[in-house]
């Protein structure tokens, strides 16, 4: 339960409180069986001061103004982690026949203009694919910047961080992903946290059936392979069926494999049946059979083979190299990936521009590169280009200088998803002339739980050394500590241990296990030589 002072909100008018239950945090909210295997209905009574709006992930709600009492009821069984509460200076605006947005007054016009009419289109598209929407209303509440993840699929009331409003493309993809969770994750839930891909992989597949873009898929799979390179192909966290050791927070097992490797397996199943629409029919029957229950992977795969008996006769589950068991329990990258060649018209320019910047001689290459106007690119194209540059860092100083001259001012005007990538290039390459931009970004994002300072500073901490690192960290520490405790600065102790951030922003350490020491700090020889940062896994919960 996170209590925020007024200055931690956008409007700075009233205190704010919200809960985040995923994966096993709601045991600190109310007594419960804090496992996705157990589902139940719930009712709640909440008393709040006048002028404070209270919302919960419930199908029914009433308010008695004289008493200041809200009453909520969720009529369908849900796991404990999907019980959510938010209260603060929130105002509503209808954006469709069964949807409204809730936001602080200063954000409401922007949120309304960006989503009006769109959510109903996405809900209707999902219903055509997977059956009726089961939860009545689909409302969205925009939370202050200290919300630590991008979004959370609480039934009836999706939580989403307000900073995502800066980027239309990320906003659309993230909201559609949460819409898809209404069927996969909320209605049919993974019974164990060791099989989170049953929610996230299926929701990602459904999201891309509602609105598929090769560019977004290529962007995510590119991040998956980057994570694979950093972890190693034998990393146990790259399995779809991850072994949950005692004492490990299940959220620490959430990573891109949960989403993108899970998506690739679901996509492979759809290809086996030869017709995406027939696979949609299967998923619709799967939801109808298991709605409001929790399942394991074998339930999904048995249902798949029962729905397609001809595939069972062909023993598709045992095809050499593509066995279902291998999909679930082998480490490493996906056994098969979708063909994204149809999106090459958008990815080719990204690769071409990156190659120009790494070509010789620099003067000629820079002249050719500067003729390409990236201001007309899609957000995912620009992000992918900057990811490529960061992968290639450290770059020669003359290249970084030319990059800064060509792009720095332009990127300053773009959204935070772009700026955080460019500033990590600045840090990774020791480019001091743009240090003031890093400082300005840290100051603007000091309350953000998702775009928090550590992912910007940590990638370059080893190369900058103690003096420069301590100076920058000291600058950050001198800022007024407005943010939630998670992103607040910790004392500088030397080179930083790189974090591996899960899709929801959880710090899982270099090997996927929970960190036992102060977040993000190791000393001397303990610090690994490679780094992974927020840009690798910045996608929604």
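Using the three backbone atoms N, Cα and C, a Cβ is placed for every residue, glycine included.
Here the structure is a predicted model, which means the values were calculated and not measured.
Feature list (source: TrEMBL):
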{"type": "BINDING", "residues": "177, 181, 200", "note": "Zn(2+) binding site"}
{"type": "ACT_SITE", "residues": "178", "note": "active site, proton acceptor"}
{"type": "ACT_SITE", "residues": "259", "note": "active site, proton donor"}
{"type": "DOMAIN", "residues": "345-458", "note": "domain 'Peptidase M1 leukotriene A4 hydrolase/aminopeptidase C-terminal'"}
{"type": "REGION", "residues": "501-522", "note": "region 'Disordered'"}
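In the domain 'Peptidase M1 leukotriene A4 hydrolase/aminopeptidase C-terminal' (345-458), helix, strand and coil residues by DSSP number 86 helix, 0 strand, 28 coil. Across the domain 'Peptidase M1 leukotriene A4 hydrolase/aminopeptidase C-terminal' (345-458), the model assigns an average pLDDT of 88. Residue with the densest Cβ environment among the recorded positions 178, 200: 200, by other Cβ atoms within 10 Å. Residue 177 (Zn(2+) binding site) is surrounded by 26 other CB atoms, counting those within 10 A of its CB over all protein chains shown. A 10 Å cutoff on Cβ-Cβ distances gives residue 181 (Zn(2+) binding site) a total of 28 other Cβ atoms nearby, all chains included. Residue 259 (active site, proton donor) is surrounded by 29 other CB atoms, counting those within 10 A of its CB over all protein chains shown. Residue 259 (active site, proton donor) has 200 as its nearest neighbour among the recorded positions 177, 178, 181, 200, going by CA to CA distance.
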